[in-house]
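First the structure, in the form of structure tokens, and then the observations on it.
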Amino acid sequence: MGDMANNSVAYSGVKNSLKEANHDGDFGITLTELRALMELRSTDALRKIQESYGDVYGICTKLKTSPNEGLSGNPADLERREAVFGKNFIPPKKPKTFLQLVWEALQDVTLIILEIAAIVSLGLSFYQPPEGDNALCGEVSVGEEEGEGETGWIEGAAILLSVVCVVLVTAFNDWSKEKQFRGLQSRIEQEQKFTVIRGGQVIQIPVADITVGDIAQVKYGDLLPADGILIQGNDLKIDESSLTGESDHVKKSLDKDPLLLSGTHVMEGSGRMVVTAVGVNSQTGIIFTLLGAGGEEEEKKDEKKKEKKNKKQDGAIENRNKAKAQDGAAMEMQPLKSEEGGDGDEKDKKKANLPKKEKSVLQGKLTKLAVQIGKAGLLMSAITVIILVLYFVIDTFWVQKRPWLAECTPIYIQYFVKFFIIGVTVLVVAVPEGLPLAVTISLAYSVKKMMKDNNLVRHLDACETMGNATAICSDKTGTLTMNRMTVVQAYINEKHYKKVPEPEAIPPNILSYLVTGISVNCAYTSKILPPEKEGGLPRHVGNKTECALLGFLLDLKRDYQDVRNEIPEEALYKVYTFNSVRKSMSTVLKNSDGSFRIFSKGASEIILKKCFKILSANGEAKVFRPRDRDDIVKTVIEPMASEGLRTICLAFRDFPAGEPEPEWDNENDVVTGLTCIAVVGIEDPVRPEVPEAIKKCQRAGITVRMVTGDNINTARAIATKCGILHPGEDFLCLEGKDFNRRIRNEKGEIEQERIDKIWPKLRVLARSSPTDKHTLVKGIIDSTVSEQRQVVAVTGDGTNDGPALKKADVGFAMGIAGTDVAKEASDIILTDDNFTSIVKAVMWGRNVYDSISKFLQFQLTVNVVAVIVAFTGACITQDSPLKAVQMLWVNLIMDTLASLALATEPPTESLLLRKPYGRNKPLISRTMMKNILGHAFYQLVVVFTLLFAGEKFFDIDSGRNAPLHAPPSEHYTIVFNTFVLMQLFNEINARKIHGERNVFEGIFNNAIFCTIVLGTFVVQIIIVQFGGKPFSCSELSIEQWLWSIFLGMGTLLWGQLISTIPTSRLKFLKEAGHGTQKEEIPEEELAEDVEEIDHAERELRRGQILWFRGLNRIQTQIRVVNAFRSSLYEGLEKPESRSSIHNFMTHPEFRIEDSEPHIPLIDDTDAEDDAPTKRNSSPPPSPNKNNNAVDSGIHLTIEMNKSATSSSPGSPLHSLETSL
């Protein structure tokens, strides 16, 4: 039986014999050969390696690298390798050019209508009827000044020019947004690091710097950034479903299947691999390339053609695509992101699986509101056109009895075009295109600022969803506590030491067991390094619990590194790595005499149950009976736990040389009959700022629950220190076992009614598995106990937390302690792992909601007034007092600028003083409705007074009933100017939506707001004074300006009057903007949702989706929505995010398919799914045990089959900061 020690001896010469490739000679293996090798599987690959290279060390020799020392790190050598084998980077799809974005913006239905109308108007304006026919054709140019008749073309030209401005602004918005997304994307990529060995040193380098020949260390939770071949492994199991579609975890070993592929997840174990392919040459890169090449064609083809195309592809690729469809993770792997990722099979995926997540609260409400406004606008514009046409026809041909003359036809058509333009103007005004822009700006602004608050938002909508959070299920370690662990108590040689004992107090043989057991039975990647600054604390690298144990040895004046030098990792005979099911780790050593010794460490109650002996005060082993164990639990473990300490038991077992060798793959038979060495108590202090943060959450109506793997007494003590539990309160603390027993029926099935009896009072879930966390989150979300559906946020750091993170409305992954898999499944990454950052996310989320409401209050006031003025003015005077060009200015510029001004208000602590809005609370409250109607009333009175009596007051000519191409009138200019200034001052009123009186409070904290208000005012002066005919404006005098400003400022005084009226008295006021209820959506619309909302656009075209149902269906306009079409949005897969307003972050690059993983969790079936494990039943023993462990005790098979349809961020701010 060979073991790894033999391997390391046999090849110990390799590292010395290999020199770095600094000369110009070629490598002994080509890129093509490596690619061909990595396409083989298991035994085929093994045979090829043996036939062509001897073994993996032969490949290392040809790649001029050392399996122990790695590459030297010489820059010239690294450059040469990149030149020969490529960079670890997949080039993203080219961004759309500015001209492409302009063309997209031109596709807007309303703009097209306006363009056609303007062109017709322009063409007809050059027609003059024959002399003498003017009188017969009606008043076309009567009363015009000399030469004015020839300027009829200006209005058409001005509309065209306005459309050009709109298109350019829209395209520029798209372009800048895309640029911003790409910047965020590159930031993520730069911050993503992986552990490699260079020059004998273990270092972390950016994923993009990994090159062929690097020796990479892989561990539980990693997402592999490149293809490689295993050099050494401990119980390594990989989830390859992202490439193969096979959900069972694949065991990797030197003698069975040594190939490791990029984009796959390490679900268990650890090891080292030599990198053999990177970037576009890796298996995932090859798929990306194929998808990228076919991406544009596929977009144009329908489903059937796509299916045929897929059938034609060769087996391997078909297999990979299938895998992608099933899992979605392949394309999302964070290290190698590319926009091509999710395009190919997205539609197939979404049809196969309905979305698991509902649309976000805000998106649902906005969608419904948009539909209502769109329908109302369409109706008003249609009625306006019909009334104008009928009035003109009846007046001209019926009342005046004029004949229809052929030469007058162009004149009549000009009238009809004018009426049509007025109708379109009403529609333009009615639909608040600024709304999607406000949503985008608000979320984008928030996301940017949240980075400073240590929240890296991967899915835009998660930011807004956090504002509605009603429950947070938080981990304990590192989130509520500092994750700096130290051993502070110990039970050794039958004595309970309240502080770390002196080494002299411990019998030498017990000390020897302790030192060897801790040194070899902690991951070799866990270590304690000297402090970075003088006088600082030593740096803990790797698993923090293991670092506490290594620190314990240093306190005992022993050096773990000496033991590791003597017993290198390659010499470990067998390792049962830690996972969330085992809650322990065991390492087997083979002694020179042929005997074996196993060291185990883990949760004290678990390891103690396996102990049959204990080391006594004199260092001898004595029998350890159940009652002795109960005594230790009562006198040692419970007192430690009640002080908030985590207890770890250390034990060992000897296998004498004469006895038959055990069946190493049967862990239950191996890790039993142990001898207890010691029990240690590890302290992890509560973060000092956490109790105050939890108090804020509770005040804000958010319930905080702790979900931890620690023992229940430790968990209860920490929960009390944090303020989650208070003395005398009637709340539940349950262990995972007890929780499962209470929520399952006699058949072992989970029942929602049972969960509903528990979760409202549950505050602490201890000794819980990731499955328990997922069950709890799902139970709370699916519950119907409360009126409102709960909105749940969850924190997670482990590989198996993925399902819970995905199921939650918002998943938070730990940026420091979190695994790649957890980060990939999350919506927000906490870059400081701190609970207080979650509270900041709540503040920002609520602020987004408020920002949208502020904008709505402002926008709807503008819309109500403008529509009524345009409609009534058109019907009474046959002309809109507000011209098309003026309305485009009000609509585009003021909407855009107002959305920027109101959407960038910073959050305040007062946001945490009220309860969550809830899923059914309308966007427009009764107070807001009071403000909208109140201000609209004031503005309408002012506008109509000016319209019908203004000429007398100012002693000027009336602008009413002007002929077709009349010059601009002072009268209508005053109406327009006053209208705009009223909006400007009302923007200040709109800053407050909860009835506050001081609308100026904090106004100077928002420089953007002040700049925009002043800037808009300056532009308005220019338009009025110098706009002339194109803007239908006439210069105004100082007096007229002062009156306009006075009437505008009146809105501030009127606002004070409105705020004094109690809303409760106004019973007639209704709320608006409720969320869409499920029963309101017809089935075909649901199907449409799957089509539209689950697609890649979900992520990127969040704004468009907002309006899809309503406005797209009734073919009305939404011009700024197209601004959301940035190329990032195109063809992106949906990030995990909830379906919510726009995933800022979602570049395909940042994305992960959000669909819910199919986990054979025990809540789905009574027994655990062991079919897969039977299929993979352990093979006959092989010489190298180190690579062949199978956890046959418990099979936790997690299929990461992510349905494409759930939301997922592929990743742009799939999204954003720490190493994703």
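Backbone N, Cα and C atoms are what each Cβ position is placed from, and that goes for glycine too.
A quick note: this is a predicted structure, and the numbers were derived from the prediction, not measured.
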| From the set SER338, SER360, SER592, SER1032, which residue is assigned the annotation phosphoserine by Swiss-Prot? | SER338
| message | Based on Swiss-Prot, name the residue from ASP174, ASP782, ASP797 that is recorded for the same Mg(2+) site as ASP475, THR477. | response | ASP797
| MET585 and LEU912: same side of the membrane according to Swiss-Prot? | yes
| field | phosphoserine: annotated position in Swiss-Prot, out of SER768, SER1155, SER1215 | value | SER1155
| Tally of residues which DSSP labels helix, strand or coil - the topological domain 'Extracellular' (1028-1039) | 5 helix, 0 strand, 7 coil
| field | Chain residues in Cβ proximity to the topological domain 'Extracellular' (1028-1039) (below 8 Å; excluding those fewer than six residues from its ends, i.e. six or more beyond) | value | 151, 154-155, 157-158, 161, 883, 885-886, 889, 967-970, 972-974, 976-977
| query | Which residues of the same chain, at least 6 past either end of the topological domain 'Cytoplasmic' (992-1005), have a Cβ under 8 Å from a Cβ in it? | reply | 850, 853-854, 857, 905-906, 908, 925, 927-928, 931, 1052, 1055-1056, 1059, 1063
| task | Quickly jot the same-chain residues contacting the topological domain 'Cytoplasmic' (904-927) by Cβ under 8 Å, restricted to those at least six beyond its ends, or write none. | result | 361-362, 365-366, 369, 441-442, 445, 449, 467-470, 696-697, 699-702, 787-789, 791, 839, 842-844, 846-847, 849-854, 856-857, 860, 991, 993-995, 1002, 1005-1006, 1008-1009, 1063, 1066, 1069-1075
| remark: Same-chain residues at least 6 beyond the ends of the topological domain 'Extracellular' (877-882) with a Cβ under 8 Å from one of its Cβ atoms are 388, 391-392, 418, 422, 425-426, 429, 866, 869-870, 890, 943, 947, 959-962, 972, 975-976, 979
| task | Mind looking up the mean pLDDT for the topological domain 'Extracellular' (1028-1039) in the predicted model? | result | 90
